[in-house]
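Enquirer: My questions all concern the structure below.
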């Protein structure tokens, strides 16, 4: 059913009564005609006020199924604004002002079984609200007069200005504009022609044109509806001047107050308010404050708000779990029984209404308050089982043995839900620990110390679980839960172990091979397994030892030497392996440490073994040191002596002991020749028995400068003799002569080759692509050229201009061709050299030279020869009639013919 407001009950009853009276005749006629399933009216009408509230009934639509007992479902076309219940009563779905577009909608009725559908139109007529006169702020048009000026005793005295009361104008006024407010007049308008004007905000200042004044009559008017929320008061000033613009009256101030109307709906600062309340809170506990604001005047009822709770979801544990202060908006608890495990969140619909909460004239708005019930620790954790079981192999650590599960009704992942586990019994040695899984809140029983199966094979642990925070007072449950964990240890094949490990023995060096050192045996921790152990060598750097694979006897295979490089600080380390016969086999390692005791088995020697001394030493002494691989007492102090043989050793040298390890070798004579001397020195250690050794000290005698050896003298002594220098010079001269002769021979060979090429027999000079294979520099691809280029060499494009000295001798010159004079006579046969040179020069300057330096072809005329038939040539008998001067134009190759048959008198 729609929620009926008390103030609308008479209206609803009237509407229902009218509908009943209106439908009476129809029902009376039901027996006289066939019944039709559907709505009883084609159109339903309702008359309501514009502002409606949520749940307010508007009208009742009637539907008949003609006694078929149909299951009818109703629905409106605008469910956001209107809803209909099963009895056909149409109610407002929310609080709002009905607009003309919303005043008409459809109501649907559908058979839930057959899905048959009917509909009807609903039209709502909006009734005006009967309120006090909205225009009570308008006073009857009155008149405001300017104060007059009087004269007293010949002086003009101004009358005190009147105090003009404010003019009240309601906002949002309706009607035609401009609307007259007040008339302004001066007493002097009877004698003068005056002009009236107003100034100030709303007149000649922004907002412009809100107020205007008739300049002749002085009537002040407002031009449009006012809005108090924008400007609550206007301050204007009225002026009166004559036609010349001279002020005739003092300006008067006019105050226009905009009267507030209830035209603003309350607005909540937030549409959704969130708050929290701990579960189990007592009645009267503060939750939160909701706030709404109203744009109307807060000093008037239009802006005075009142709050109330329209609904609470869910309604358990109490339908009125919360209440609200209607003036402040404070929400507090009204009833007890807040339990987060039952209801985690409450949703309240809060309504704010102006007009001090008057449901008839006030405007309302709603917001949602979401109140979350926060958790407190009112539920302890409880184990899901009384006993948990687990197993773990022996000697394993950081292994999860068992997973303990608990349940807690408090909010997950909070201190009231997080579990803390403790072991309170069965683990006296502290081999187990329990960690909490942050996600699942389970307890993970973990092994933190190795467990030996042979020592203990079963553990019974007693564990408890509790929350991170204490339970609140008044809870009847125990704060903790107890369970038992049974852990079984699994036996595994363990590694054999040597004892002791490492094993240290002391042994004098020099022990021969095959001697028994010690027994190094291992034990098997698996007492309940019948297994054998075998031994092997894992590490023996000097290869001095061997171990018996059955009993672990260690014997030597070489002489033990303390001075070996494998011995560090008198200690020699060897590693051995013990392996059992299990499946799979397990092994363990053991280290044998042999501390070698020193014996006197190393003779001392001198250090350094080579020194330098000046030929005239000053001081004439050398410091030497004795070294011994043995250690005390088999080393120093040492005895230094010079042998008696050879005799010159003691004659020239003497040795003096400075300390137990140091001595000084001195020169007895004043100087020595340059050279190298080997001085024998006999050194004896302090061992028992003592060991002696003769060491040779290499002494280099050299020339000294400022006490240090110099290399000048040896260099001078190694100079070359005169004969060697002369021999070197002769060799150099001979080499230069050979090079010069080779160069001269090469030049002569080049000249002979060039002369031979110019003196080729004319019979052999065919040049028909003759290819030479007996010379370097080219093959067929270099000399097999196009004959057309030889027939017409003038068509060949000249190459890029080359500097002098770079152009080939057979290239065509790019400058003008020289004019050759006609020879008067053939050269003398003896002048062959000049003939060759002239021919060479002419060939070099021949403009028709081929592009390659090779033999040319002269007997190939080809097609289209310009020579014509040979029959056209005249015989020698007609030489007087022939002109052979054109032979001079054919180049040097026809120069001989030109000389023989030319027109010269010679």
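Backbone N, Cα and C atoms are what each Cβ position is placed from, and that goes for glycine too.
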Enquirer: Which candidate from 113, 253, 263 does Swiss-Prot annotate alongside 171, 227, 229 at the Ca(2+) 1 binding site?
Expert: 263
Enquirer: Please find, within the list 841-862, 863-884, the residue stretch that Swiss-Prot describes as region 'Disordered'.
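Expert: Feature region 'Disordered' in Swiss-Prot: residues 863-884.
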Enquirer: For the region 'Disordered' entry in Swiss-Prot, name the matching range from 749-774, 775-800.
Expert: 775-800
Enquirer: Would you mind telling me which of 703-724, 725-746 Swiss-Prot tags as transmembrane segment?
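Expert: Going through 703-724, 725-746 one by one, Swiss-Prot gives transmembrane segment for 725-746.
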Enquirer: If I take every residue in the domain 'Cadherin 1' (161-268) and average their pLDDT values, what number comes out?
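Expert: On average, pLDDT over the domain 'Cadherin 1' (161-268) sits at 89.
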Enquirer: Neighbours of the Ca(2+) 1 site 171, 227, 229, 263: Cβ within 8 Å of the Cβ centroid, same chain, sequence order.
Expert: 172, 226, 228, 230, 258, 260, 261, 264, 295, 296
Enquirer: Per 10 Å Cβ neighbour count, which of the binding-site residues 171, 229, 263, 296 ranks highest?
Expert: 296
Enquirer: Round to a whole number and give the Cα-to-Cα distance in Å for the pair residue 296 (Ca(2+) 2 binding site) and residue 227 (Ca(2+) 1 binding site).
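Expert: Just about 10 Å between their Cα atoms.
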Enquirer: Quick check for the class: what is the C-alpha distance, in angstrom and rounded, between residue 263 (Ca(2+) 2 binding site) and residue 227 (Ca(2+) 1 binding site)?
Expert: 10
Enquirer: Over the span of the domain 'Cadherin 1' (161-268), count residues by DSSP class, listing helix, strand and coil in order.
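Expert: Split by secondary structure, the domain 'Cadherin 1' (161-268) comes out as 4 helix, 47 strand, 57 coil.
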Enquirer: If you count other C-beta atoms within 10 angstroms, which of the binding-site residues 227, 260 is the most crowded?
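Expert: Buried the deepest by this measure is 260.
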Enquirer: Using a 10 Å cut-off, grab the number of neighbouring Cβ atoms around the Cβ of residue 261 (Ca(2+) 2 binding site), all chains included.
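Expert: The answer is 20.
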